[in-house]
Amino acid sequence: MKRHLLEAADLDRADATLVLDTAAQIDQALAGREVKKLPTLRGRTVVNLFYEDSTRTRISFELAAKRLSADVINFSAKGSSVSKGESLKDTALTLEAMGADAIVVRHSASGAPHRLANWVRGSVVNAGDGTHEHPTQALLDAYTIRHRLGRLDGVRVAIVGDVLHSRVARSNVWLLTTLGAEVTLVAPPTLLPVGVGSWPVGVSYDLDAVLPKADAVMMLRVQAERMNASFFPSAREYSRRYGLDARRMAALPDEAIVMHPGPMNRGMEIAADVADSVRSTIVEQVGNGVSVRMAVLYLLLGGSTR
Amino acid sequence: MTYLIKGARVLGGDPADLLLADGRIAAIGDRLSATGATVVDAGGLVALPGLVDLHTHLREPGREDAETVETGSRAAALGGFTAVHAMANTDPVADTAGVVEQVWRLGRQAGLVDVVPVGAVTVGLRGERLAELGAMADSAARVRVFSDDGHCVADPALMRRALEYVKALDGVVAQHAEEPRLTAGAQMNEGHRSARLGLTGWPAAAEEAVIARDVLLAQHVGARLHVCHVSTAGSVEILRWAKSRGVQVTAEVTPHHLLLTEACAETYDPVFKVNPPLRTDADVEALRAGLADGTIDAVATDHAPHAVEDKESEWAQARPGMLGLEQALSIVVETLVEPGLLDWAGVADRMSVRPAAIGRLDGRGLQAHGRPLAPGEPANLLLLDPAARATVDPAALASRSRNSPYAGRELPGRVVATFLRGVPTVLDGKAVR
Ligand SMILES: [Zn+2]
């Protein structure tokens, strides 16, 4: 592993597999135990530096660090660093002086974790930066797919929705293709980035054509406000063309799973009965998130290097 | 004060001596001598007319922490410039005779280059109504170039009126071509790199659409148009088409768009954030070719100093812009002279003669710029060592700011001396003051 986890695009197949295998070992080690805690990172300090509200991601990292016995500091810098008056660099130097061994950073600006990594000696973990990447989300998604379907090689994954603004989509594109999956992006053309043609994925505007050939379908959150900027005409039209309802779900192959990184807009990109169906891995993804983040922290801070 | 320059290659020609006296070139010839003259050994050096920049941000008044007229003038002199146009987006905006005269006066006090103020096209750069263009033209600053640079004059009706109105002033509107509705929140060139980096894209079409509109407007009203910092291959094509149709359009390209590409953004280091953004290899190639064939008239620096805190941040929060004055000539040597696209006469044309003509600085008299290196002409010139190579160290720059995108890069060419009306502003590669 490198010193930081800044983007899934940085992970080669061996690194990515190591994270997933480590997460699986952690799951086994903790299975059935009353006290879900390992002593691995005792005495180490993990800082959660969150410039954006994301209770679920923060709690997941916090739980992961605590289960590894690390000291956890939550440094909530809501709003931008500039509006708060202190620059990202000054914050970084402060955390450095406090002896942070790892900084888990969530920021609205793409590339903020890369900047941070220039200024600190500890490990930086990207917990979502702007519309760039969210690598631990992709790792937990890959873990979930592998767990449910038994493999990643050759698995056909459809990622559906607002790819343009989605860091989850970007991280999954790089990670899943690195791990041998075949990824197809499905969205209206307005919600695909110009230049997507250079990505190692298929692209479709037609969800119904893709579903019968998908082993996993990952629904991205779509903000209804996007219609105000004319990315699509209305929430209703979006959900009619790109939403996953029970009728569409029936077109999936028998073993196929339905994923969502959360938080969901029920009724927009995903119907309630789909989200709650047996194909849905949504709750499982949340649990896997803790294991995968434990694996990442363990490998960056205490684990073996290869 | 008399200077005798020995053995300089004027525009790269055979070695000759130049005698500078009373602000003018008194003589050019073989083995000149002059009693009492200070001799400057220029063996191996190329003599070029003093460079003229159409696009400099000197930040005074308003952001003296980033640059002042004096520090920017010194940077310009070190770069071989003898005249720079100071952009209007200061605080207060240079949209009145009072502000342009203030900048002009500060330039005179510094005395290192001729500082030529640019007047804002619209009040406060707001793009709503015309500033008092005539008052600025008639002021002591004698404004001839008008620009809302930093902002596009996006309203087509207002742009049309501006183009028309400045005809009476022998002026020109210098347009920052950027359709604002297409660049809301834009951070870098839109393409496969912006897609991967998750940075909002600035499409080439947002520049090209405005240039296309404006050349049609300029043709329609028979006015002069100047296009700032052309950055795309498509823009070069539109300019080529417009010129072939006789439209009175001129254009500039920056050193950074001639050298750097969007690949620099992969570091997320905002020193590479600039507006318009760095583009692709194909754009760089088209810009070099356009400058070489004259479709693009001039190199202009868009020298944009920024304080450390405005650059040492997240990419999206950083201000756009980069330093350029001190490295401009070196970059032209690297990207055009050394590859054989432009000879020294071509460099003089694109960096002195044509920009001076666009800014109407090329008249008669001692205040003129962009004149040939010939007896009787104002002694504005620089001496360049084309064989020297040096690594750029931002800490060593004369600018008050440090946001050079060339840090650590080795570049060819060293300005050894600059003369403004016969008086050295730079000698032995160092600013005289
Ligand atoms: Zn501009």
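Every residue gets a Cβ built from N, Cα and C, even glycine.
Automatic prediction, not curation, is the source of TrEMBL annotations.
Across the domain 'Aspartate/ornithine carbamoyltransferase carbamoyl-P binding' (A:3-146), DSSP assigns 68 helix, 27 strand, 49 coil. TrEMBL lists A:3-146 with the feature domain 'Aspartate/ornithine carbamoyltransferase carbamoyl-P binding'.
The secondary structure of A:PRO263 (carbamoyl phosphate binding site), as reduced to three states from DSSP, is coil rather than helix or strand. A:PRO263 (carbamoyl phosphate binding site) counts 10 other C-beta atoms within 10 Å of its own C-beta, drawing on all protein chains shown. Feature annotation from TrEMBL assigns carbamoyl phosphate binding site to A:ARG56, A:THR57, A:ARG106, A:HIS134, A:GLN137, A:GLY262, A:PRO263.
In this structure, A:ARG167 (L-aspartate binding site) is part of a helix by DSSP. If you look up TrEMBL, you'll see A:LYS84, A:ARG167, A:ARG221 marked as L-aspartate binding site.
For the domain 'Aspartate/ornithine carbamoyltransferase Asp/Orn-binding' (A:153-300), the DSSP counts in helix, strand and coil order read 66 helix, 24 strand, 58 coil. The feature domain 'Aspartate/ornithine carbamoyltransferase Asp/Orn-binding' is assigned by TrEMBL to A:153-300.
Across the domain 'Aspartate/ornithine carbamoyltransferase carbamoyl-P binding' (A:3-146), the prediction's mean pLDDT works out to 92. In this structure the alpha carbons, written CA, of A:THR57 (carbamoyl phosphate binding site) and A:ARG167 (L-aspartate binding site) are 14 Å apart. Proximity to chain B (Cβ-Cβ distance under 8 Å) holds for the following binding-site residues out of A:ARG56, A:THR57, A:ARG106, A:ARG167: A:ARG167. In this structure, the CA atom of A:GLY262 (carbamoyl phosphate binding site) is 7 Å away from the CA atom of A:ARG221 (L-aspartate binding site). Residues A:ARG56, A:THR57, A:ARG106, A:HIS134, A:GLN137, A:GLY262, A:PRO263 are the ones the record ties to carbamoyl phosphate, and the longest Cα gap between any two of them is 16 Å. Counted over every protein chain shown, other Cβ atoms within 10 Å are most numerous around A:GLN137 among the binding-site residues A:THR57, A:GLN137.
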